[in-house]
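**Student:** Below: one structure in structure tokens.
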Amino acid sequence: MEKVLQEVLKKIKPSQKEQSELNNFSNKVISLIAKQNFRATLEGSLAKGTWISGDHDVDIFTFFDKKTPRPTLEKKGLEIGKKVAKDLRSKFEVEYAEHPYTRIFYKNYILDVVPCYEHKTLSELHSAVDRTPFHTEYVRKNLTEQQKDQVRLLKQFMKGVRVYSAKEKVHGFSGYLCELLVIYYGNFEHVIQEAAKNWKYGLILDKKGYYKPEQHSELRARFKHPLIVIDPIDKNRNVAAALDQDKFEEFIFACKEFLKKPSIKFFFPNSPKLFSAVELKKEISKHGPILIAKFNPPKLVEDILYSQLRSSEAAISTQFKLNEFRVLDHAIFSNSFAYLIFELEDFNLPKVKIVKGPPVKVSQKYQDKFVQKYEKFEPWVEKGKWYAEIPRKITNADEFLKEILKKPERAGVGKYIAAQIKKKYSLLDSKSVSKEYKKEFAKFFTTFLTKKKPWGW
């Protein structure tokens with residue numbers, strides 16, 4: 001294992017030159033903001049020394065007096081960011097977290113200029129953004145120089161096995177969570193070993209000992225998350241709140257597999273091997289019928305887009321199930337187009353279905369009501385209960401999905417997704433999906449079909 005880790009570290013640890021260039025750039029930005037009479041600091045993984053070579057995301061926080069009205073902070077914060085973009089002669093976008101901030105694209109850097117309130121104590125916090133400088137300070141004080149490399153290894157491992165990022169697209173582990181895991185367990189290898197051997201749903205990690213063991217049941221009931229990592233600077237916050245059960249279990253499995261056979265593929269997986277046209281047809285034939293709704297994605301912040309896609313996919317899956325179409329698998333994907341993907345057990349249902357009525361032991365009025373409702377279908381009694389055989393309105397999954405997408409908001413589809421679908425969408429099936437099998441969608445769809453793990457290619 002040590003040989004693999006050393007090889008990975010050579011690839012991911014920033015060189016002195018890269019570190020110096022980033023420091024110079026961040027200092028330049030801080031100076032530009034200082035000229036606007038505002039104090040600013042470098043935050044995030046760059047400030048904590050846990051960033052990975054090539055990841056040039058620079059977070060600069062601009063501080064406002066805590067008495068500043070929120071609208072003023074938002075307006076002035078954007079003005080500061082736009083002025084920095086102008087000074088750097090760079091393009092920018094307005095992004096949104098808890099409040100808007102400026103994202104600037106300068107050379108090979110992505111610079112976020114984020115306004116926040118300046119606080120001396122945690123009790124004064126106005127928003128989650130204000131907590132960030134306290135996180136930076138805690139990690140700096142509690143992470144040794146050697147452990148910074150251990151964090152880098154853990155982050156790259158999580159990236160490789162596709163569980164890194166707390167964003168809506170992934171629902172995985174955040175960078176801060178990686179740092180806390182290394183602080184808690186000591187190094188990368190111990191994190192992997194503990195996860196493989198001892199992690200179970202509802203695990204609680206409380207470095208500061210805010211809660212006694214007898215309080216853990218209450219804690220699990222409150223958070224209801226697969227992993228509970230108490231924020232050392234805020235005992236009421238679970239740092240792992242964004243982590244869903246799938247990514248939690250995937251990480252545990254990846255750790256077990258890595259310990260069996262350590263390989264650099266866990267850190268830098270190969271791209272999925274794409275199918276030829278003949279191979280794709282053969283692979284699809286092994287699966288249930290596939291239906292895919294394809295449409296132009298709404299122009300939204302990534303987190304909101306993926307939240308809408310997830311909720312829409314879940315809503316349509318529920319409609320399929322309520323109408324007795326069994327969903328075997330489902331997924332979402334988005335690049336230049338958005339896709340809602342469903343694999344079904346069967347494409348067609350029987351033309352009729354059995355409706356269960358009340359038992360003959362209940363009040364006669366309930367029996368009469370059922371008999372009257374289905375009178376023309378000749379209800380009958382079997383083993384003490386009423387039944388009727390009635391025709392289905394729709395027996396074809398393709399037709400059913402089309403009906404849903406006529407009025408998608410009624411089915412629970414997200415309003416932004418519904419609006420795009422109502423403008424225009426196309427429906428792909430097991431045969432026509434081959435036309436879409438190219439570039440990034442092909443990689444995604446190959447993984448969807450094969451269920452192969454990232455390190456397995």
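In case you wondered, yes, glycine gets a Cβ from its N, Cα and C as well.
Here the structure is a predicted model, which means the values were calculated and not measured.
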**Student:** Per TrEMBL, what member of D65, D87, D112 joins D57, D59 in binding Mg(2+) at one site?
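**Tutor:** Matched candidate out of D65, D87, D112, per TrEMBL for Mg(2+) with D57, D59: D112.
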**Student:** Starting from the Cβ centroid of D57, D59, D112, the recorded Mg(2+) site, name every other residue in that chain with its Cβ within 8 Å, sequence order please.
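**Tutor:** After dropping the recorded site residues, what remains is E43, G44, L46, V58, I60, R103, I110, L111, V114.
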**Student:** Would you kindly give the Cα-Cα distance separating Y164 (ATP binding site) and D57 (Mg(2+) binding site), rounded to the nearest Å?
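**Tutor:** With the alpha carbons as reference points, the distance is 15 Å.
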**Student:** For K48 (ATP binding site), name the DSSP secondary structure in the helix/strand/coil scheme.
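**Tutor:** The residue in question, K48 (ATP binding site), is helix (DSSP, three-state).
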**Student:** Find the longest CA to CA distance in the recorded CTP-binding set S45, K48, H135, K155, Y164; express it in Å as a whole number.
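**Tutor:** If we measure all Cα pairs in S45, K48, H135, K155, Y164, the largest is 19 Å.
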**Student:** Taking only the Cα atoms, work out how far D112 (Mg(2+) binding site) lies from S45 (ATP binding site), in Å, as a whole number.
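**Tutor:** A Cα-Cα distance of 13 Å.
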**Student:** Do me a favour and check the Cα-Cα span between K155 (ATP binding site) and D59 (Mg(2+) binding site); whole Å is fine.
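**Tutor:** Computed Cα spacing between K155 (ATP binding site) and D59 (Mg(2+) binding site) is 18 Å.
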